[in-house]
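All remarks here apply to the structure that follows.
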Ligand SMILES: [Zn+2]
């Protein structure tokens, strides 16, 4: 794939380009190819390197902005007990937590919003990797349960953008229990007949991968994203073998049948909108029917010989 | 030969002395018998005081004790007509997960367990209790089988965790665990899980998202091993004892956090000193917890199981 041609953006380095002294934060160094990128070019390219196509990690808020149409609404998430174990390693967990909260202006590592994607309604949950490595404790688990409930309430698909090192050790077995808790969240969405789409971003590992993140109706990943269960170092120490090229990268998972597709950030919105449109075709047909249209809902299945039944919209899920 | 843990050294020394004296009993007479009795009382007292205040790290070592009864021992003692079932129907049979049909107290059930093995040959065969994706897919298959035929599920969990391997990742280790958790939560039948030794992270919860969760007195249940936690947060695995303390991984901790339903007391000096008694106690506790579940229909069980897990961690108990 030729990333450069995809990202050959018009270079309009007029004023700033000529300046000799530029504040550091105006220039970014690509962690993959180490080329310098002007911040405005980087913004325009959705934080994908215009030189090599490397998809840089982005924050949860940025993710929501890149995904949802303007005017989306963030929802407030329930407060969970902070530091239930009074955990302390070299620092107190509570201090780490408070520091992350004030630095990132969020309560925990996930943001949830509802809005539209190219006009189609959706609930989106996005992980913030900068918040304690996007680790999953009770707050994150509860955010996902809340997002699922919201999706059901709004009859909207749930899309989760993951970026997480796994369980939050500092919450001990409570963080382990977020695995079943978030699996329950996925069941709520599926039982309501709603699409549940997972977008795996760099990196997604451990207990997050081994729970809700691997139970999507559709699995998408960003190019090059590291996705796996066990950490590379642990695997190397256990099997004492060199890891294969591209191991646990999105393209590797695609080859091994774990993903449906690897999608560039620039095409993510359009892809999600198209998927929602296709998966929710029966729903639209129902809506048309309710609006008084005489036309039978367009169903994918042929009508059975005895007529009638198959033309009914899918039964609404039991409460 | 009994395997003694480091902190059991004083007990080991006493028991060694008793053994030595016993060998000379024929030559001795009344004095030696008295001495043996005295030493035995002393050893018992020491065992009692040692095991009454095990640190979380010491409990981790007891939970991993090589002589501790493993899942297969529980199945052998508690399940009649045990009929092992094998395979994930896709790739392989993973012996790290054992399971099959059988009877518990006369009632047909499905049993599942993670098995560590008891000697070199069986440890290798069971991959030291660390399952690959096929193990979790087998678990899921058996859980679904139980659901189809209305069989209660009993699981015995004892694993350091899922196997970290190249092939395991390539074949979807994470997906296999996630699906197994899902199968546990969806099962329309009563489900009692027992953490008998090590409850290691995702590899444990994959078989333990149950209606009732039991834990043995000296078992541990944790999101990461103390060594793993120490090497990340302290940047040195040597801080494992501190990490074990911080992780709150003992049965007592888990009960206080309301993450398990009951703690089964172990024989004096741990389950490995009297496996039969330990297993019998677990059997009684399972029977007691299973009984009221048998009256509930599938939908009720599932709804309550969900509610149980959703409630976990919501109230801040310390
Ligand atoms: Zn680059």
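Including glycine, each Cβ sits where the backbone N, Cα and C put it.
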Where TrEMBL places zinc finger among the ranges A:30-52, A:53-75: A:30-52
Tally of residues which DSSP labels helix, strand or coil - the zinc finger (A:30-52): 6 helix, 4 strand, 13 coil
Around the Cβ of residue A:49 (Zn(2+) binding site), the count of other Cβ atoms that are within 10 Å: 24
Binding-site residues: A:30, A:33 - member with fewest neighbouring CB atoms within 10 Å: A:33
Output field, Zn(2+) shell: CB within 8 Å of site CB centroid, site A:30, A:33, A:49, A:52 dropped: A:31, A:32, A:34, A:35, A:37, A:50, A:51, A:53, A:54
